Amino acid sequence: MSSYLRSFIFGLLTISLAQCSPILKDTKDTKFSTGSNISLKKRDTNVFDSVVDTINPASYFGTVSHPVTPAGVSTDSLSSPIETNKFFDNNLLGSRTNFMYADPFRYWWQSSDTMGGICIAHTDDNQRVMDTDDTIPSYYYEPIGICSLGFGASGITSNTDPIVDEIDQMSARFTFSWDSSSMQLTLTEGMAVTTAVYTNAIPQIFSSTLYINDFVEVPGTSAVQKYRVTMSDNHVWLIYIYGDSLTLTESTSQMLVGSNTFNGYIQIAKIPLGDGTAEALYDTYAGVYITGISISGYVEDAVGYYSFDFTTAGDTSVEPLFFLLPHQVDTAVSGTKVTSIVLASLVSGDMNAAAGNSITFAEAIPQDIGFLPWSPTGGQIGYSEEALEIIAEVAGTELGEDFSANSNLNSMYYSGKVLAKYAMLCVTINDILGDETSSEQCIQKLEAAFARFVDNQQIYPLTYDNTWKGVVSVAGLSGDSLADFGNSYYNDHHFHYGYFVFTAAVIGHIDPDWINTGNNKEWVNFLVRDVANPSSNDPYFPKHRMIDIYHGHGWASGLFESNDGKDEESTSEDYNFFFGMKLWGQVIGDSDMEDRANIILGIERNALNKYMLYADGNVQPTSMQPNYVAGITFMNKITHTTYFGTNIEYIQGIHMLPITPISAFIRGPSFVLAEWNALLASVIDYVDSGWRSLLYANLAIAEPEESYEYFSSSDFNTDYLDDGASRAWYLAYAAGLWANDAVYYPVSSSSTTTTSTSTGSVTTTSTTATASCTLPISYTSTPTTTSISGTCNGATFDASLYVCDGTVLCPIVNGVSYQNCNGACYNPSQYGCDNGALGPVQSSSTTSSITPTPTTTSSITPTPTTTSTTTTAQSTGMQLCGSNYYDASSYYCDNDQLCPIIDGVDYLSCNGACYNPSQYVCSDGSLSPNTVTTTKATTTFTPTPTTTTTPTPTTTSATSTNVIAQCGSAWYDSQSYICYGNILCPIINGSPLLACGNACYDSSIYGCSNGALVAA
């Protein structure tokens, strides 16, 4: 280990100790049972109705009209934002007759002269179509086109198109009007009874695919009239009539017709097959119907609460029935009575009907997960000497890449991935390596690359679509609707924009001044608003375009019709957006945005692990469990594949990328390991693309040692690294989770939250703090477990190892209690503290101690810093060289230059280069061999910087001893590299590569013309 890195690590340890943060430990579990009557104290602020911004995006992006216009939308509604990824969108596109999937029912407009209106369909699990070609089924779907019952009326024909209005994130209203008559239905997700409101109309109830086996009038309810109808598939439906007097009669085996013109409403509900109690429950809750659903929410401690608040009509003295999905049944805590009525959902397991005007749910949230790796086991993130060295080396290589050129692509998706790669690199350098100089260089390069997009100068700029109201790429507006994965048609916006929001959060984290510079904040907020605007008070975007709070995850597809409804191909890019949004809210100080994202992430962990990731407690068919992930989840179908191929690494991997600190919150270690052992371990050696490294990075969640060994291998093949992935970050992620032989523990935000179980309750955790970092002396491998005997600024500590000075924990080292000086801990026998600044104690008996973190260079390897004065009296202990303190046992200060002491020899300075005076002499700023010394001569090159583009270096005789030289701001070994201006090029087999522009090249293969490489 180099003396540079040793000093660097000790400096980091000093800073880490001074900034110890609490590691959260479980002390007590608070269980909220389903249907309990606990009192919830809500905050004044509803984070689901907090405006992000109201700036008109057209003023930044300009505006266009979209080539696809909403079909059937009322004139008044056209002026408002229109949802583009919701269950009812098929009715706004194309022929408008495709299916609308409002779990647990399917609806569609049946355009007909004889049976026109809205069809209702529901199928049970035994009607599901399963893949029978494979031993492990790769797909299933629910049969479509079965019109169990439908609402119609005399006078509705194929020319009577429904008008859509009252469009919201969970509902829309459909109105058929003819002459002076109308039929109106509000369709919502989860509604247990379907209601049609009639005005001056003769109702018709029909089925275009089934026949009526039995139809009877049933007395004894609050309804004007009630009927029970049994269809030819043996399913039983109930019909309730409210309003004017009306009698239904069976006109044909497929049609019930009203006796007269009617003003009122009719409700239809399905009795689960064989359920003898459901009818009485429906009778209790009939008469009321839902016309709208609003969402509210807040965060309290480490729990996120969200509520569905229903707007109702009809008999509002009655609470409405509403179907809950499995992840909601597990977490409902207030406002509802869960009934025994159970219907199968489309692809999300069994649903329970619950009664209530407002239903509140509680989810454990990732409140303390930030930019550093997070351990799902509650372990401490730590790094060994070896890991830090390898991470630094790899990060230095990646830092040399051209951020701007690599991210200047013709796709928002791919550009975003590259930017996020470099964001993770900057996090690695800044938060883990603690290299301020390289961090500054990294973030400046990242800001420059990001600026192209803020300035809207990318290959395909963004524009504001004034038709549907959103920010889209221009790539597909004039021809290919699938350009950039359909971004122009609102497909995958959460996948695309999540990378940009995450990158912006990293920049704001490292350089807070950037946030309010120019249009940076507004531009990022435009993306947040496009994907997840929470409020109707923002007139420029629909609410929650890409997230379905009811289902607990996002939907894609946008403005494309689909028989099976919207779909989700990548769970991980879904939650990546909300992780980026959480961090962005944090760095800009928008606590409502941060809380909202935390709640959504808590919901997604629960929902995704029940429906799309086949973890313990998931609801998918047992026969499909060996697939481990759904693949593509449609509203009506699951198929174990991708849109771009059927390789197993594609199907599993698209649910992994990108690997960030939130990954382990969603993807538990047991799930990751089971998936690896069953599907991936046997094929990993045959994966010859960037997917291989992604699979290994994901493995770090369960087996960090194996992941680390892969990424730290000396023969690591960069061909197996995706363009959107940073090897330095993958190393930092795996090494931090492994924490083997750790000597350094970065300030961490680790927390332990208990996932909700499948037994109908949610477990949340209250926490207490213990010290999360310790000072390893002589590089002890792991923190020592000790007894707790003190409290310092909320952190408990062992008073035999630490002292509390003010609010800072400082160590006791060799019996000496270190003291606090403005956040830094110091040995009082070696330092003094004057006005918050450390200074050395001038004493001939001082000994070497921990040094402050040295300023490091752009190559990431920590190095000495040049100074402005000369210190002549050298001795061991801490000395002052200009404004920098250094360990005089390891460095020598000579003429504004810190040079190392190697093998007892004080190296001297010569025009920026450090040299061994027994081997070299310095004359007029140039080094030449010391001819007095007898050495074995070799050929090397002068380290003096040159200024030409492709210079021929001057060779000199030299010894085999290294010369430590400086090139620009980087230090290098002159036997391995040569400096051209500020460009370092390697020496390979004794021959130096030449420089051309910023590239190094072999002159036997290439030439250089005007700063560009050409064939030799």
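Positions of Cβ are set from backbone N, Cα and C atoms, glycine also.
These features come from Swiss-Prot:
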type     : residues                               : note
SIGNAL   : 1-20                                   : signal peptide
CARBOHYD : Asn37                                  : N-linked glycosylation site
DOMAIN   : 45-741                                 : domain 'GH81'
REGION   : 45-272                                 : region 'beta-sandwich subdomain'
REGION   : 273-364                                : region 'alpha/beta subdomain'
REGION   : 379-741                                : region '(alpha/beta)6 barrel subdomain'
ACT_SITE : Asp492                                 : active site
BINDING  : His496, Asp567, Glu569, Glu573, Tyr650 : (1,3-beta-D-glucosyl)n binding site
ACT_SITE : Glu569                                 : active site
ACT_SITE : Glu573                                 : active site
REGION   : 844-872                                : region 'Disordered'
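A helical conformation is recorded for His496 ((1,3-beta-D-glucosyl)n binding site) in the three-state DSSP classification. In the three-state DSSP assignment, the secondary structure recorded for Asp567 ((1,3-beta-D-glucosyl)n binding site) is strand. The Cβ neighbour count for Asp492 (active site), using a 10 Å radius over every protein chain in view, is 26.
Taking the Cα atom of each, Asp492 (active site) and Glu573 ((1,3-beta-D-glucosyl)n binding site) are about 9 angstrom apart. Following the DSSP three-state reduction, the secondary structure of Tyr650 ((1,3-beta-D-glucosyl)n binding site) is helix. Around Asp567 ((1,3-beta-D-glucosyl)n binding site), taking its Cβ as the centre, 23 other Cβ atoms fall within 10 Å, counting all chains. Around the Cβ of Glu569 ((1,3-beta-D-glucosyl)n binding site), 22 further Cβ atoms fall within 10 Å across all displayed protein chains. Cβ neighbours of Tyr650 ((1,3-beta-D-glucosyl)n binding site) (same chain, under 8 Å, six or more residues apart in sequence): Thr642, Phe644, Trp691. Across the region 'alpha/beta subdomain' (273-364), DSSP classifies residues as 12 helix, 53 strand, 27 coil.
The record assigns His496, Asp567, Glu569, Glu573, Tyr650 to the (1,3-beta-D-glucosyl)n site; their largest pairwise CA distance measures 18 Å. Cβ neighbour count for His496 ((1,3-beta-D-glucosyl)n binding site): 26 (other Cβ atoms within 10 Å of its Cβ, all protein chains included).
There are 25 other CB atoms within 10 A of the CB of Glu573 ((1,3-beta-D-glucosyl)n binding site), with all protein chains counted.
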